[in-house]
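Colleague: Marked as domain 'DUS-like FMN-binding' by TrEMBL: 16-299. The annotation FMN binding site is assigned in TrEMBL to Gln70, Lys142, His170, Gly230, Arg231. What TrEMBL records for Cys100 is active site, proton donor.
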Amino acid sequence: MDLGFWGKLSKPFTVLAPMEDVTDTTFRQMIAKIARPDVFFTEFSNVEAIIHGELSRLKFTRSEKPIAAQIWGTEPESFLKAAKIVKDLGFDGVDINMGCPVRDVVKIGCGGARIKPEFRNQNAEIIQATKEGARGLPVSVKTRIGFSQIETEDWLGFLLNQNLAAITVHGRLVKEMSKYPANWEEIGKAVSLKNESGVETLIIGNGDVASYSQVEEKREKYGVDGVMIGRAVLTNPAVFDKNGRVLTIDERLDYLAAHAKLFKKTWANVRSMTEFRKMVKMYVNGFEGAAEMRQKLMENY
Ligand SMILES: Cc1cc2nc3c(=O)[nH]c(=O)nc-3n(C[C@H](O)[C@H](O)[C@H](O)COP(=O)(O)O)c2cc1C
């Protein structure tokens, strides 16, 4: 199997987690500048929306490569069409979201609902259709370890049979949202299943990783090929730095100003600056007076 760009990464590699309404192209460009992961993902984007030309979540620049577009939905035919568009846009890979716990997404049989056993056949069709549309781009899946109970063996066993380039395993159940600590033992089990099955599919562990030194620990202890980090970047934009670089207050404020400028330029008439407010905390935290400064800065965006 051709793993595409995934096959060229040295291990353990790092991935910036997709985070809706947070990790847009401006966010990713800033992280690429501050301390880059090996791989970027877009926020999840609905296949029907993509087909209808809603492409704002699929905006990216060269500095964010390699980048996988994450898509979600239910209809295999729509995955095929959306994957075709993703390929034409110049992405390096297509990732299918089969883990999102948001109620409105699960309710319509998407995201984390895909883990339910009744969807196995349709999931196989979705993956096949995505591969067809992606025309040679590597296809991956991001998921959790079960819906309402742990089903790592059954669910990951199924996914490992689908000839995927990579699987990101977020060590939580769908019904747990993000309330409990991530279960890395189950992520380790996914790695054992992969090793037993002899397939090439890469396993990326995800959940509660807070620093690059923990990336190496997870590789050592659980054998994952790569580690995905999400929320930790929201307080430490330099979290992917291999030497644990700590940003100075001046650097934090300079990056905040640069991000605000980039956000304004990129989204001119599309997104208002009030949407940028949530970024302030990422840069202005962890030092004395940060809370007061944030308060003042928020008033300006
Ligand atoms: C605000 C927010 C938005 C998210 N949006 C997505 C998404 O669009 N697609 C997805 O697969 N996961 C999404 N996630 C889940 C993260 O990608 C990741 O799996 C989760 O945060 C656990 O990793 P962490 O402990 O490193 O944050 C989101 C998480 C957060 C906090």
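In case you wondered, yes, glycine gets a Cβ from its N, Cα and C as well.
All annotation found in TrEMBL is predicted automatically rather than curated by experts.
What you see is a predicted model, and the numbers here were worked out from it, not measured in a lab.
Have a look at these and tell me how they're positioned relative to everything else.
Modeller: Around Arg231 (FMN binding site), the same-chain residues at least 6 positions away in sequence with a Cβ under 8 Å from its Cβ are Ala17, Met19. According to its DSSP assignment, Arg231 (FMN binding site) is helical.
For Cys100 (active site, proton donor), the same-chain residues lying six or more positions away in sequence with a CB closer than 8 A to its CB are Phe44, Trp72, Val106, Cys110, Gly111, Gly112.
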Colleague: Under 8 Å between C-beta atoms and at least six apart in sequence, can you list the same-chain neighbours of Lys142 (FMN binding site), or say none if there are none?
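Modeller: Once residues fewer than 6 apart are set aside, Lys142 (FMN binding site) is near Pro18, Phe41, Gln70, Asp95, Ile96, Asn97, Met98, Gly99, Ile167, Thr168, His170, Asn206.
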Colleague: Taking the Cβ of Gly230 (FMN binding site) as the centre, how many other Cβ atoms fall within a 10 Å radius?
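Modeller: Summing over all protein chains shown, Gly230 (FMN binding site) has 21 other Cβ atoms within 10 Å.
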Colleague: Under a three-state reading of DSSP, tell me whether Lys142 (FMN binding site) is helix, strand or coil.
Modeller: strand
Colleague: What is the maximum Cα to Cα distance, in Å and rounded to a whole number, among the residues Gln70, Lys142, His170, Gly230, Arg231 annotated as binding FMN?
Modeller: 18
